[in-house]
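*Asks:* Heads up, here are the entries from Swiss-Prot:
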type	residues	note
BINDING	Asn312, Asp318, Glu321, Asp322	Mg(2+) binding site
DOMAIN	263-334	domain 'B5'
Amino acid sequence: MPVIDVAKSDLERLTGLKYEEIAKLFEYIKGEIESDSGERLRIEVTHDRPDHFSAEGLAKTLKGIAEIEVGLPRISLGRSSIRLVAESITERPYIAMAVVRNVRLDEEAIKQMIQLQEKLHETYGRGRRKIAIGFYDVSKIKPPIYYRRISQEDEYIPLGFQKPVKVREMYELTEQGRRYSGLINRENPPALVDASGQIMVVIPVLGSECCKITEATRDVLIDVTGTDHRAVANALSILIYSLLERSGSKEVEIVEGGTGYSHEYVKIYVDERAVSEFLGVKIAHEDFIKYIKKARFDYQEGAVIIPPYRINVLSWVDVAEDVAIVMGYNQMPREVPEIPSAGRRHRTEVITLEVRKSMLSMGFTELNNYVLTDEAVAEVCSPARVANPISELYTTIRCSIITQLISAASALKRRETKIFEVGEVVREGRTVRALAFLISRDGATLTDGLSVVKSLCKRLGLKCEFFPAEAKWALPNRMAEVRGEITGYIAEVNPDVLTALKHAVPTVVAELYIG
């Protein structure tokens, strides 16, 4: 899960609370203090609350729980005098902008802005493929702003540079250029250009020194571009409400032009009795309203009003979860079922334990991934898809563990990797327990995988046989099907699949179904 870095003093300033009080309140939010270095905290937050990816979002939630500020966060909406003129950019057709006025920034505030930007890029933005975000000092921009293509021969001063360079040089000279220029037409990339002709940003690669945010900035322009209209709007909502925590006047101006942005609250009609039954505790109407407001929602005639930055709230069940969180899980009733029973381990659990011991003894490292995953799993099987995913990271129910292991090996960036996972996958409409392992090193072959499976079957006392098999994602003639008391497959992964998953080392994988 995402881990964010915040200063204790900044959280204290944003909430008006002492750190000792803040630490106690973490029991009531979806977050956990991972480490405390004295002046700074590392806080683990959940993927479904991207508004918690910075100190401002955490402060907003904490103030609600502490009843310092309750109900919908205050916002004063208006129309900006800045105009956006947008061309049709096929690879990133959606763009929305807003200005947050009267912000007070210091070094820590700018750190939090950058952290929120990068965390959204990494998770919700799918590594800038789905959305890209920019911040600009309004006082340094001459409107109107043009969203159009430029030439790679054009010059600008990239962030961190002292003098102008050509855009094509920026691709090679900067880490961002090397990493993200492949997402766009490199010869004629999309950019924001103001009326004076200065390039504000090459999207989604790197911004410009010309209008960067500093501690002297008072009015911040936010832009979000992307491939999905809803994702662009959701990201802009999160960014607006985050910066509002630094604004004295709570003024936000929506920039007209492009695909636009509509600030809208969501109404969810909630049956209070259903919430009480769902949580197993009777909640009086007055208390229900109190909990709703502490969660930074509002209540009107049977409907709960959800602010636009709470993109994880999709139904009354999500509202019930927030009620439980702000009420405190320690308020939930606890009962021991009055059912006499003699427990024993299920056969699948016995095999799972022995499999783990065996894999660890053979030098493998165990991983634990989520059952919900992204579209990459479709490289090796046909997954069931989530109808209303909250994030591009969790759009499918995994039908294989293989792609998650390859992605993990890619992230580790080692020349030799031996990893495994035991967990659930869905095959042919049924949930089954699977063991998957990966061997990644120069010279890795099918023989390496066969050796591990044979050793495993021998240790477990299981009979297994091997037969030739083929799959699109495997190298031709380099795959074996496992049959017997356990079933599955072993294969050398096709380099094209490895490239798609950003892994460059020869790799052998296996997946065995053990229960």
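A Cβ is built for glycine as well, from the same backbone N, Cα and C atoms used for every other residue.
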*Asks:* Around the Cβ of Asn312 (Mg(2+) binding site), how many other Cβ atoms lie within 10 Å? Please give the count over every shown protein chain.
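*Replies:* So the number of other Cβ atoms within 10 Å of Asn312 (Mg(2+) binding site) is 19.
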*Asks:* Within a 10 Å radius of its Cβ, which of these binding-site residues (Asp318, Asp322) has the fewest neighbouring Cβ atoms?
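*Replies:* Among the binding-site residues Asp318, Asp322, the lowest count of other Cβ atoms within 10 Å belongs to Asp318.
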*Asks:* Mean pLDDT, the domain 'B5' (263-334)?
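*Replies:* Within the domain 'B5' (263-334), the model's average pLDDT equals 93.
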*Asks:* If you run through the domain 'B5' (263-334) with DSSP, how many residues end up as helix, strand and coil?
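*Replies:* DSSP classes over the domain 'B5' (263-334) add up to 33 helix, 11 strand, 28 coil.
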